[in-house]
Amino acid sequence: MENTIVVKLGGVASDNLTEDFFQQIIQWQAANKKIVLVHGGGHYITKMMKSLAIPVETKNGLRVTNKATLEVTKMVLIGQVQPAITTAFQKRNISVIGLNAGDTGLLEADFLNDANLGFVGKITKVKTDLIEQLLSENIITVIAPLGINSEYDWLNVNADTAACEVASALQAEALYLLTDVPGVKKGSEIIGEIATDEIEKLQNAGVIKGGMIPKLASAAFAAENGVGKVIITDSLNTSGTKIKNKVAIG
């Protein structure tokens, strides 16, 4: 969708909601850009689980999600994080609406192929009609990373993956994956640009590690599936690392 920008807010979403962030949003809207936000909430989910004495377990960077964890995840994402984000926009008189998988089956999903993860899924389809209708009315759309499968099970979805699926489905002109670092680092230097076919080499060399591995895998998917540009950064106002769908030279 021409002029559409998708932004994935970091795990501590409130850290991204600075005045510089909102000024960039306002500038984009003045330039007739349509904006979709996909938010995570891992920090808040973990905090709530600990307060309820529910064990926190992860596997390969994904939260193991049993029934209790799923209910906490839904409660925090839909009842705490998303309203905080939409309220911040409303305070600045910016039209916004929060959506989740329960709204017209917005994000269809299926279980990941790992029973040990529990109610963790992958997006199989993004119903873009509702999003496009809201964007046509210049309403910023805020989406929680939850999916529903054909049996109407709710599934926890990695927020980076969800953002990349949404951006690809909309054929967005740009996707910004906001995180807690200013880009992909090699030593102390930010790598300005990475081709999708360089990622495995950088991972094998130990340059890409930890949580950056699944983030780059998601970014590569978006770059290879029609998103105009994909940027990993900590701010909309910094250049970060651009992920490009091209063959690396050398």
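The backbone N, Cα and C atoms fix where each Cβ goes, glycine too.
Keep in mind the model is a prediction, meaning the values are calculated, not measured.
Summarising the annotation, Swiss-Prot assigns site 'Transition state stabilizer' to LYS8 (among others) and lists sequence analysis as the type of evidence. In the three-state DSSP reading, LYS8 (site 'Transition state stabilizer') counts as strand. Listed in sequence order, LEU37, VAL38, HIS39, GLY40, ALA159, ASP160, ALA162, ALA163, LEU175, TYR176, LEU177, LEU178 are the same-chain residues at least 6 apart in sequence whose CB falls under 8 Å from the CB of LYS8 (site 'Transition state stabilizer').
Marked as substrate binding site by Swiss-Prot on the basis of sequence analysis: GLY41, GLY42, ARG63, ASN156. Using a 10 Å Cβ-Cβ cutoff, GLY42 (substrate binding site) registers 22 neighbours. Taken residue by residue with DSSP, GLY42 (substrate binding site) is part of a helix.
Here Swiss-Prot flags LYS215 (among others) as site 'Transition state stabilizer', drawing on sequence analysis. Long-range Cβ proximity for LYS215 (site 'Transition state stabilizer'), meaning a same-chain Cβ under 8 A and a gap of 6 or more residues, is found for ASP160, LEU177, THR179, ILE232. A helical conformation is recorded for LYS215 (site 'Transition state stabilizer') in the three-state DSSP classification.
Take the mean position of the Cβ atoms of GLY41, GLY42, ARG63, ASN156, the recorded substrate site; other residues of that chain with a Cβ within 8 Å of it are GLY40, ILE45, THR46, THR65, THR73, LEU77, PRO145, ALA159.
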